[in-house]
Structures are given as structure tokens and as C-alpha cells.
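Colleague: Here it is, the structure, as C-alpha cells.
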């Protein structure tokens, strides 16, 4: 999937009139379906690079960019890129409905970063409120869209979205995804460095949730296989779990993981679009409603299809270290899920 996006970018850059050729190459002689993607929070630190990456995706025919401010400028800028999709900017709550109508995929990076003096509860309440409002609109204007949740904390915002959709009578567990792809991207990158393997050939499943110890990379299942020591596996696991903190510290408190998150969000949206279009065997890790464990939501490998989740795959064989990590993450993940459900139902 990563390679397909990079090939798309290269083709667009080198052959400005090649969009028809590119689409034919990707899907044989069949025409590619019209697909509308909406990005909610498109003027933010994640939203802007994500908007650009979705503009580069040849599977997108309409790109709707929404935010409370700044989107006309982002849309004008991104709209000059010579690729297939038509770009429209929408600003303010009165235009949210138009942004959402007819959407096949809705990506939500909306929210605020943590600022000095702000507690985690402050951050949660602000972002949870934003997600609740946006999902209420999704239920009204595009209830059948696949919803890709990026807004943190994903372990809580996905359950919030589910509760909102349930109240509206539109909930379909096959169409709601927590985007945990950045954890997979990091695990692949870090593993490749230690295994001396080409990163494009590396695959590492990541299960659990999308924060701290709830992130559990399964390096025992990583391919290609490498003979890494137990100490190295422990260090790789911790680095994957602390990847966000690594970026925040490197940016000296002036930002968070926006560019890599946009990239990961674009990868997962691309997988969703391919599934909708009937491409076979599209499998990605995602935080979804699940019976893989006793928890109601859990990240694991998911097969994507024309209706969203085609099947939630099992965890496979776990090492003793991974089994221990799985049991350790459950209480924290359970608490985060319950916190989201309680927030959604308190008013």
C-alpha cells in the first residue's frame, strides 16, 4: 500500500497528463468508481499534510476539506495540484453538512494539541466534545460512510463515536475505525533498522490500543524474520509505545507527530478505498469493535471490503513477552473505553 501511494505520487509528478493511465494501471481496464473523501480538521497540523496526501491519491474523485477556520486557503492551495480529485473547502458549522453529504470515507484529525498548563482531562474534554459534535453530523449527513478516527485519545474517541451513532440509529460496527496505522509505521521503521532489512519489505502487526502501553507490536510475527535478542525486542516495543513522546521532545514542545500521522492516516484511508472498490485481500491493523478479547474494542488485523470490515482476524501466536504485555494493557484500555462511553452518554 505504501508503495502504491509512492508510485502514484511519482507518476503524478512526472506525467502531468497521466491520471487516466495511472487509474487504468491500478485497476485494469475497468473505470475507477467516484469516491468522495471528507477531511474534518483539514486546516490543522495533521489535516493539511493529510489533505495533500489525499489529493495525490488517484482513487479520490472529490475531496472535501472542513474546519472551523482556514479551509478556503488550504483548499485553494491543495486544489492547484494536478491530480484527479476536485477540492472544495468548507468552513464553520453551517457548512459541515455540505462537506459530509455523499462522502464514502470521512477522516477525522480534528482536535487540539495539548498546550502548556492543560491537563489530560482538559484535553480529553475538548477533543471528546469535538468528536461528539462531528459524529452527530456524520450520522445525519453521511451515515453510510467509513469513519476513520484519528483524533486522540483514539481509545476513547472511537467508543464516543459508536455511542453517538447508536443514539442516532446509524451505528454499523463495520464502518468505524480507529486509525492505529502510525504505530504500525513506527514498528516497521524501528524493526527494519535493527533487523537490517529493507523497510518496504517489513511487516509488523500491532495490536491493543493507540496510547502508551496499550500499543503492543507483535515483533514475534514480524517479517522478514530476524534473530533479535530479547533485550532488543523489549527496547523496540518501548520505542514504538513512546514514539509520540519522542517526536514531541525532538520538537522541543512546539509540536507533535503531525507529518508521520498524516502519512499513516493517508495509508489507512487508501486501504479503505481499495476495500470499497473491491480490491481483494486488503488487510490492515485498526482499532475496531471486536470479540478477539473480552474488551468491546481492540486493535488487530482487519480485512477490509466493500462494506468496511469484512472480518476481524485473530491475534495469532504470541510470545511470552507479548502475552504478558497483552494482559498488562487490558485494564488501561478498558478504562479508556469506558471513559469514552461515559462521556458520550452523560448528556
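Cβ coordinates are placed from backbone N, Cα and C, and glycine is handled just like the others.
Just so you know, TrEMBL annotations never went through curation; they're auto-generated.
According to TrEMBL, the protein has these features:
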- 36-178: domain 'Lactate/malate dehydrogenase N-terminal' (DOMAIN)
- 41, 42, 43, 44, 45, 46, 47, 67, 127, 150, 151, 152, 261: NAD(+) binding site (BINDING)
- 114, 120, 152, 186: substrate binding site (BINDING)
- 180-343: domain 'Lactate/malate dehydrogenase C-terminal' (DOMAIN)
- 210: active site, proton acceptor (ACT_SITE)
Colleague: Looking at the recorded positions 120, 186, 210, whose Cα is closest in space to that of residue 151 (NAD(+) binding site)?
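Modeller: Nearest by Cα distance to residue 151 (NAD(+) binding site): 210.
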Colleague: Take the domain 'Lactate/malate dehydrogenase N-terminal' (36-178) and count its residues per DSSP category (helix H/G/I, strand E/B, coil), listing them in that order.
Modeller: 66 helix, 28 strand, 49 coil
Colleague: Which of the recorded positions listed here (43, 45, 127, 210) have a Cα atom within 10 Å of the Cα of residue 152 (substrate binding site)?
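Modeller: The recorded positions passing the 10 Å Cα test are 127, 210.
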Colleague: Pop the mean pLDDT for the domain 'Lactate/malate dehydrogenase C-terminal' (180-343) in here, whole number is fine.
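Modeller: On average, pLDDT over the domain 'Lactate/malate dehydrogenase C-terminal' (180-343) sits at 97.
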Colleague: Out of 127, 152, which of these binding-site residues shows the lowest number of other CB atoms within 10 Å of its CB?
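Modeller: Each of the binding-site residues 127, 152 was scored; lowest Cβ tally within 10 Å is 127.
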Colleague: If you measure residue 186 (substrate binding site) to residue 127 (NAD(+) binding site) at Cα, how many Å is it?
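Modeller: Computed Cα spacing between residue 186 (substrate binding site) and residue 127 (NAD(+) binding site) is 24 Å.
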Colleague: Looking at NAD(+) and its recorded binding residues 41, 42, 43, 44, 45, 46, 47, 67, 127, 150, 151, 152, 261, figure out the farthest C-alpha pair and report it in angstrom, whole number.
Modeller: 18
Colleague: Fewest other C-beta atoms within 10 angstroms of its own C-beta: which of the binding-site residues 41, 45, 47 fits that?
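Modeller: Selected from the binding-site residues 41, 45, 47 on minimum Cβ neighbours within 10 Å: 45.
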Colleague: Round to a whole number and give the Cα-to-Cα distance in Å for the pair residue 45 (NAD(+) binding site) and residue 210 (active site, proton acceptor).
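Modeller: That separation, Cα to Cα, works out to 19 Å.
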Colleague: When a 10 Å sphere is centred on the Cβ of residue 43 (NAD(+) binding site), how many other Cβ atoms does it contain?
Modeller: 22
Colleague: For residue 210 (active site, proton acceptor), list the number of other Cβ atoms lying within 10 Å of its Cβ atom.
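Modeller: Its Cβ shell of radius 10 Å holds 28 other Cβ atoms.
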Colleague: Within 10 Å of each Cβ, count the other Cβ atoms, then let me know which of the binding-site residues 120, 261 comes out lowest.
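Modeller: Output over binding-site residues 120, 261: least Cβ neighbours within 10 Å is 120.
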Colleague: Looking at the binding-site residues 43, 47, 261, which has the shortest Cα distance to residue 210 (active site, proton acceptor)?
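Modeller: Ranked by Cα distance from residue 210 (active site, proton acceptor), first place goes to 261.
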Colleague: What is the number of other Cβ atoms found within 10 Å of the Cβ of residue 151 (NAD(+) binding site)?
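Modeller: For residue 151 (NAD(+) binding site), the count of other Cβ atoms within 10 Å is 25.
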